[in-house]
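One structure is given below, encoded as structure tokens.
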């Protein structure tokens, strides 16, 4: 942890360096090979169709090409009332026969019982009914009692509508009365009249998983009609970010103050708009309902009709604006110093313009990691085999036991429990592969974090090496290498893959522990153990702080690796003690520039977000008819806001890495040199004038 001494041979990033942390490099290669093997095994056994397509009572997909039910797109429940059983919540399967409907056979459009269809004199009535029976049912002359006993056909059919490839009762409310079709009661096929509310309960339980799928379908519809405008919004964010960065290159001081004023004005306009909406809703019916009483609603437009919503928005924006103004008042002198560092960073970025495009490379590699992880997770979760269990209406000792459909009718189960059925229950398995699926999923998550952190580390050390070559060039830019970015990237991959793997491995372990704690917290929500919840909250807080500290330490360690070519532990130690010897400068410069960059991102995201809000809610009269009709207008707005933040973060992350690198090099420069002709500073004259003659005098180590 001792300060660096003067070294006349030191000219910036060392080119004559060796490989570091070779063991971690080997471990990373072995882990990647194992990850590829896991992916191949998962893709061999997995079948994503199990997530997309409904499955009948035999475990066969409905409407999927290459399957027996290829031309049968819809799933039909023989008796959906039985779906009201609590068994649905345990097994996620209704205890009733489920059969596919042929392509021409849509969901039922009428009330009809099998007895009425059999005895009907209307031609084609029984033939129509046969579409809702099991595929093997061919004998229309078979006695109805025998057909119903063998469960070859449903006892009754009711008007239904398709939802997520399944037929559900066409339930509607008329003047507060629940109706299916135009009836409030129906014949259950056994001579009894029953209330349609029983169908409603069955449909609710059968729909326990499909409600989220229906929401997803509506969101997907919104994307299909608004994707063009979302892309336009993201392009606007990208152009705004690029213009902002280019202007920083030439007008750093003016742009920073303009940015600060714009943020304050945007927040002020937001407060004014919230107050006007709050005042406009005064006296309107239903506007005084509290958010707690309303509960969660998928249609967020409902909340905009409540005064409490706009009051909450107004309070939040007021707090944010007051905090920003107070920070500006107390940090006004520090901001002038930070502007000088941003100006120097602008010069560095100006000489290495390719650095602005480098985040695209990092983003592409991260997308590859996310795609591989997501596809592997889906294939692993769908690599189970079909498991069949005994379902019955009355008490039966074999209930819930596994069975085989091929031999079920000849087994003792049907003799002891006449109403029992062997139905598809879920996907599972008893082989060694199926037993260790949870371990493979854990390994998949761990490798995702490790590779994602490695990609981010590679981007950071590459940018750090390029900007360090700028700082340590005595005659800028004449002494800089021809292609500093590519040189830094080549050095990082050739010599320091092991060090990057080491740093990302430590961070990945902490992140996996955090994910595990979140999972345990989710599982303990229903428990009443307050001590366990308190302990878990403490652990979550500690590991959150640990993750933030490791990210900070890794970032500065990568800068030292890029400059000196030392291993990860040595670089992390040297970076930590260098920062500790300059802790005042860290607080004054580094964090103030981070705050200014945050305001820049807030300005871009806020401006694009407000524009998207007014456009998609059709409040801009010039383009009011251009905005697409949406189920949930918050879907494209949130997409634009999140996308704009990622784009702005990508551009500003280059500046952030540049500032951190220049700052660390500045601290090193102060310790190595004294500004004399024999030991001149490497910092530019403009930077030394502000930093050395201002409030930041050189620290005496």
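For all residues, glycine too, the Cβ spot is worked out from N, Cα and C.
Curation does not apply to TrEMBL; its annotations are automatic.
As recorded in TrEMBL:
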TRANSMEM  21-43  transmembrane segment
TRANSMEM  227-247  transmembrane segment
TRANSMEM  254-272  transmembrane segment
TRANSMEM  310-331  transmembrane segment
TRANSMEM  352-374  transmembrane segment
TRANSMEM  447-472  transmembrane segment
TRANSMEM  493-513  transmembrane segment
TRANSMEM  557-580  transmembrane segment
TRANSMEM  592-616  transmembrane segment
TRANSMEM  632-652  transmembrane segment
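Ranked by the number of CB pairs under 8 Å to the transmembrane segment (632-652), the listed stretches 21-43, 352-374, 493-513, 557-580, 592-616 are led by 592-616.
Between the transmembrane segment (254-272) and the listed ranges 447-472, 493-513, 557-580, 592-616, the one holding the most Cβ pairs under 8 Å is 592-616.
Here the transmembrane segment (227-247) has Cβ contacts under 8 Å with residues 255, 259, 349, 356, 600, 604-605, 607-608, 611-612, 615-616, 627-628, 636, 639-640, 643-644, 647-648, 650-652, 654-655 of the same chain, all six or more residues outside its ends.
Residues 226, 229, 233, 236-237, 240-241, 244, 256, 259-260, 262-263, 266-267, 270, 324, 327, 331, 334-335, 337-339, 341-342, 623, 627-628, 630, 633, 636-637, 640-641, 644-645, 648-649, 652, 655-656, 659 of the same chain lie 6 or more positions beyond the ends of the transmembrane segment (592-616) yet place their CB under 8 Å from a CB of it. For the transmembrane segment (493-513), the residues of the chain that approach it from at least six positions outside its boundaries are 17-28, 442, 445-446, 449-451, 453-454, 456-458, 461, 543, 546-547, 550-551, 554, 557-558, 561, 565, 567-569, 571-572, judged by C-beta separation under 8 angstroms.
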